[in-house]
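Note sheet for the following structure.
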Amino acid sequence: MFIQLIHVPGDCFSPWVERVVTLHVYRDDATCLGAGTDGLRVRGNKARKLHTLWTQRDWVEAYRGGGIVSHGGAQSNAMLALAVMAGALQVPFEYIAAGAPRWLRASPNGNYRRAVQLGVRFRHVSRGVAYREAVQGARRDGDARRRLYIPQGCASPLAASGLQQLALALENAASDRYQAVCVPAGTGTTAFYLRQYLSDRWQVLTVPCVGDAAHLDEQMRSLAQAHRSSETQPARWPTVLPPPEPRLPFAALDERDWRLWQCLPPFFDLVYAPRTLRALVHHFQADAAALARVLYVATGGTEGNETQRRRYMRRGYPMGWKTDVAPEGIPAC
């Protein structure tokens, strides 16, 4: 893990940004956790979240019969990370997939294809009531069926230890010149725990990428309830920056995100990073000196770029200079 300066032409963010934007990036995408079959690795943000499960394996024998159960989208990066870990530890993994189209099930691609190859047992349900009921049942019946329930996106106190290590790494790697860190927010788990474990000199900034700020607040309050049961100090809250388009659905195709991603090195993901960086640069548009004191944490997630890029290409977006999504610039594990 290291800090890298990225220089991005201003018009990649907006026609009204004339200067070159310099981003100070903490390369946590280089963090690796173990090795799965086919040489797959759990990297970046997911490696942090799964650190406890990987290193403290007393749970494996207890749940080997029932295994792990989790839920979310059929192309989820968290799903693939859990699949790699479960395969390496030889633990069964059931995944409740919401709204996966029939064509994907017939012709798997992306993270879904990799998860199928790793032996994940999928339980396909429609979105809405059926999905909520399936998740509630998995949460309620987990212990009775000797299955370890892991919430969507690994949004659990189990993630705390690995993210505490990230906070320590940031404290050690960053000089006093940095005063804030910025991370994308899906469930808000990384932002929440960084705020708990970083010292008071840090501000933690985050941008909602799944739903709006109210949805993110609800997610983090659920984490805070669990945090209060294990910590003596009250929870502290990250600063939520408004997303560029608060009503844009998760992973929706957006010309501005596509244009910015074309300007970024290949270790940036295509769903979370452009949206977060556009919000960050907009927030500091009048103060380049303040932006230079912010560390953006590159959290990985490039395994999902293949699928998202195909969606853009099918819609007719020009490819530009990025002819593939190979993870160039990412150090080997």
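Including glycine, each Cβ sits where the backbone N, Cα and C put it.
Keep in mind that what you see is a predicted model, and the values were worked out from it rather than measured.
Summarising the annotation, TrEMBL assigns active site, nucleophile to SER76. Within its own chain, SER76 (active site, nucleophile) has ASN111, GLN152, GLY153 as residues 6 or more apart in sequence whose C-beta sits under 8 angstroms from its own. Mapped onto three states, the DSSP output places SER76 (active site, nucleophile) in coil.
TrEMBL lists LYS46 with the feature N6-(pyridoxal phosphate)lysine. Under the DSSP three-state reduction, LYS46 (N6-(pyridoxal phosphate)lysine) is assigned to helix. Over all protein chains present, the Cβ of LYS46 (N6-(pyridoxal phosphate)lysine) has 28 other Cβ atoms lying within 10 Å.
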